[in-house]
Amino acid sequence: MVDSFRPPPPGVLPNFANPPFMGLPVIITASICLPLVIVFAAIRFYAKAAILKKWKLDDFVFCLACPVGIAMIAFEIAIVHAGPNGYHAWDIPESAMDKSSILHLLIFSIALGPVLWLLKLTLFCLILSAFGSVRWLKNCAYIGIVVTGLFFSAYTIVVTSSCGPRPGTDAQSYLNGLNRKTCSSSNGPNAVFSIMTSVVNFGSDLFLLLLPLPCVRALTLPPKQKLGIWLIMLSGSLMCLCSLLGMVYRIKSWRSYDLTGTQIPLYVLFVLELSMGLIIPCMPSVATVYRHYTIPDIDDTTTLATPNMKLLSSVASPQSVSRATWRKTHLSIEEIPYKRSLSEFTQLPTDHSRMKALPATPLPLNLHSIPPSPQTPTSATPLSPTPKTPKTPNSIRSMRLPIMFQGSSHR
């Protein structure tokens, strides 16, 4: 008699011959989301490298998180497509759980913590790049980065120590590690930390959604840019919904013996959450590229009939270098007013061309040191000495002393 990987529920018979495949939703979802993530990431890289030509900290974090997220989505396709992980646990013979299948499950569980933290770090850096001048928001973002990093790191350590192979590294050792109570029991440390991690994941997504909300409401932007920001907030709401459903399905999975079948909804929701977390930081760059190719440059040679030279061939009609463009004098979604300090808004520009030069102050002359002119006869009456110019006082109290002495001498 062939034993199944997990016992079936009452009234259900194992189907080893032709079990139903459950991994199709994961393959369809990942096949749709993976090209979208690649397209949005390419748009962001193009906007930063060719249009803005300015790289910040959030761009480097995204360069690290994007390939990791894409690899994680592709790895989920490999998990459900190759091996018995896309079927019910009672439809899988225990002999079919080879080392490769168990290793896929273990690697996914271990990598889940770092991938989630990189995703949150990307979104926190996006908020800091937009509203980094707001002190309370910056402090809250730093606290969120530290707290999520600690929780997700703890989950990775617990999974590694609870579900690792025992005592060797062969297939039976991996199966023994997976069947231990610390790994598979609903009361074990793996189950407790898994549920706690899903709760922290949902809480961090909700925190990321509500954190910039007061600053977004206080922005003074054109309606189109305001609509783009609210579209980003709506995408964040969908990401929160995915993490909430993931938390619910995570709790349900630990109440069931179907170790492999209950992971399918979690895989689908994780693909959606990961895709939304990688697409949201690219949305401002989409607006930048759209304005770059649709809004014409306005300079001193532009008229109403001037065509958009970007859409024409550079060989047939060479473009002239523009000295001032519309985008250089207007704010975009990536450069919202919170990035400027308060002094830049309150300080008025000084027009140095309107300042008049003061006349030169003549120096005091000592008439006794100048010899008399030979053409002018000297007078018999002696000239009265010119009083000395008082020294510039150093304080208000010392200003009265030269005046008092000068007045007493005239008396």
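Every residue gets a Cβ built from N, Cα and C, even glycine.
All annotation found in TrEMBL is predicted automatically rather than curated by experts.
Keep in mind that this is a model prediction, so the values were computed, not measured.
Taken from TrEMBL, the feature transmembrane segment applies to 20-47 (among others).
Per TrEMBL, domain 'Rhodopsin' is recorded for 43-291.
As annotated by TrEMBL, transmembrane segment applies to 59-82 (among others). Outside the transmembrane segment (59-82), and at least 6 residues removed from its termini, the chain residues within Cβ reach (under 8 Å) are 22-23, 26-27, 30-31, 33-34, 37-38, 41, 44, 48, 100, 104-105, 107-108, 111, 114-115, 118-119, 121-122, 125, 264, 267, 270-271, 274-275, 277-278, 281.
The feature transmembrane segment is assigned by TrEMBL to 102-128 (among others).
Taken from TrEMBL, the feature transmembrane segment covers 140-158 (among others).
Annotation comment: TrEMBL describes 191-215 (among others) as transmembrane segment. Beyond the ends of the transmembrane segment (191-215), by six or more residues, the same chain brings 112-113, 116, 120, 123-124, 127, 130-131, 134, 137, 140-141, 144, 147-148, 151-152, 154-155, 158-159, 185, 233, 236-237, 239-240, 243-244, 246-247, 250-251, 254, 273, 338 to within a C-beta distance below 8 angstroms of the stretch.
What TrEMBL lists as transmembrane segment is 227-249 (among others).
Sequence annotations record features per position, and here TrEMBL assigns transmembrane segment to 264-283 (among others).
According to TrEMBL, the feature region 'Disordered' maps to 362-411.
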(message) Please determine whether the transmembrane segment (264-283) and the transmembrane segment (140-158) are in contact (criterion: at least three Cβ-Cβ distances under 8 Å, sequence separation 6 or more).
(response) no
